[in-house]
Amino acid sequence: MMRALLLMVACLTLLPWTGNAMAAEPSPVLQTRGAATLQVGAVEYLLGRPDADYTQIAAADLPWQRLNKPNLGKQRDGAWLRLRLHNTGDAAKRWYLLLKWPVLDRVAVRLYYPDSDRWGQSMLAGDAVALSSRPLADHHFVYPLELPAGERAVVYLQLQARETLALPLELIDEKQLIEGKLRDVTLVSLFFGGILVIVLYNCSLLIFTRDGSYFLYVLYLLSAVFYVLTITGFGQLYLWPEIPELSARFYGLSAALCFFTPMLFALRFLGIRRYGGWVWAVSISLTGYWGVAVLMLLLAPTLARYLFMDSVALLHCVVTMAVTLNLWMRGNPSARLFSIAWSTLLGFTVVNLLALNGTLPLNAWTLNGQLIGMFAEFVLLSMALAERINVERNRRIAAQQLALHASESLAEERALRLQAKQEALDLQLRANEVLEARVYERTRALEEVRHGLEAANAELMRLSTTDSLTQLANRRRFDRLLDEEIRRARRAGSPLSVLLADIDHFKRVNDSYGHPFGDECLRQVAAVLAAHCQRAGDVAARYGGEEFVVLLPGLDAEQAVALAESIRCTIAHLQLQHGEQPVALTISLGVATLTPSLVAPADLLAAADAALYQAKNAGRDQVALAAEVNAGEQTPALNA
């Protein structure tokens, strides 16, 4: 936007630097006794000579010209400025030279004191200069100028920029500097605060409506914020102060984004595609051009000059106005406010650029005119979006009313047909109810039979895998679970332990006290084993006669031996009575543990059996741990 209108104003005013080409009269000397803003006519300029130094510029008889407008246009070789100062007061005075165009690449300033024939220190600022290297940290380029009492000075400025050399210069004192900065900060804060409100408002509408127009509009707002941060200097002051290589590229990039994102928004918001013809062709062409420009400015900024962006930007402004006005005349309800918003931005931007060109007075309002125009445009576009919501809502209401009227007519016709069908339906419903009742009764009877069969099958399954005397798992169930756990342990690489237990001298107990008491002993031992199998996966089973087996997944040898010892102690402390006679009961246990990578179930049981045999031979009532298990290893038979 700024690029296009700079070119427009340049054409209207016959190029600003041409108007500056006046006779080389000596510039007036500024009397710095009081606080006063620098007048443009007090400055002289010299084009080119980028390689000259200050002494050459000051000593040579060069064609200096009076600067009558604060704009030199685009000068690839840069330019020089000079102004003469004279402190006619009785005390030394510090003044501040402000250059309120923060998109210039480099602006060097140096004072020459002719009365004492000496040079002051060189000061450098610019968007290609880190903030820490500037004489003062400010959003404008600020140079402090020291003027001793009664002394004269000549200020030399060397300018280098890829953009237009706009020169809104001011010479002010410290009080004016503070007041001006406060005014600028207030204005920009109000602008960003208003933009934040608009962004949040449209984000909320995006969430509720799911309309992509709001997303593209928010992108446009964020691009404008990026652009304003660049042209006001606040971006380099607060966000990227020490990245001058990026700051120097941000003006062109932000300007390109401010053309690209509103075109995306306009394509969606105005529905340009459905109009076709030249409106669609030029709109999509401009959108594609600015998309390429943004990519080139990001990836290859040195090649961007071959895009002729200034000329295309001017064409863009004209074409966009033509497109929106055409859509307005063709009855597009959103094009009216869009055209007004676009015209408002163009109008305020022209005011801003006419001030930079010297046609209008240069003050806070004209210098910041584009910010005012942007904010006004965004408010109008938000109104256009809100108006579209109202239009669409009214359309929906009208469509709903039409549909309601049509449905009422259909309802009357259907009522007659329904009345005719109702009697037949009643008969059919009664027949269906009788049939459904019969089906329900039969289904319920079948369900009861099915549930009974399932319960019986479950009980049969439990009985077929449970020892009826001890209520532990039987051998059949244990063998199946052992095979499953060995496969699981192989996959996980985890240990697996088996306890094989045998009641000591159980035959003697049966012979001495009878089989009923022997059965009670078996139940007591089974209860102890079940109480010690509390983990998921632990299984206690009756293996045959007075033999029991315990499957312990995840337990290593040490843990399995400890559990076996706990079982042995618990059984040894059982207080069994046969009549009034106490009966002692002991048990021997064999433990086998392995990581079953190469061992079959039979090997594991054989190892546990061998350990049980070892415990029996060692005197019974003890726990024995099997040696390392090898596949196919034979073990001696157990002698109870």
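Heads up, the Cβ atoms here are built off N, Cα and C, so glycines get one too.
Nobody curates TrEMBL annotations by hand; they come from automatic prediction.
According to TrEMBL, the feature coiled coil maps to residues 418-466, out of the candidate ranges 26-74, 75-123, 418-466. Across 185-208, 215-238, 250-270, 277-300, stretch 250-270 shows the highest tally of CB pairs under 8 A with the transmembrane segment (335-355). Through the fold, the transmembrane segment (277-300) approaches residues 249, 252-253, 256-257, 259-260, 263-264, 266-267, 307, 309, 312, 316, 319-320, 323, 326-327 of its own chain, all at least 6 residues removed from its boundaries and within a Cβ separation under 8 Å.
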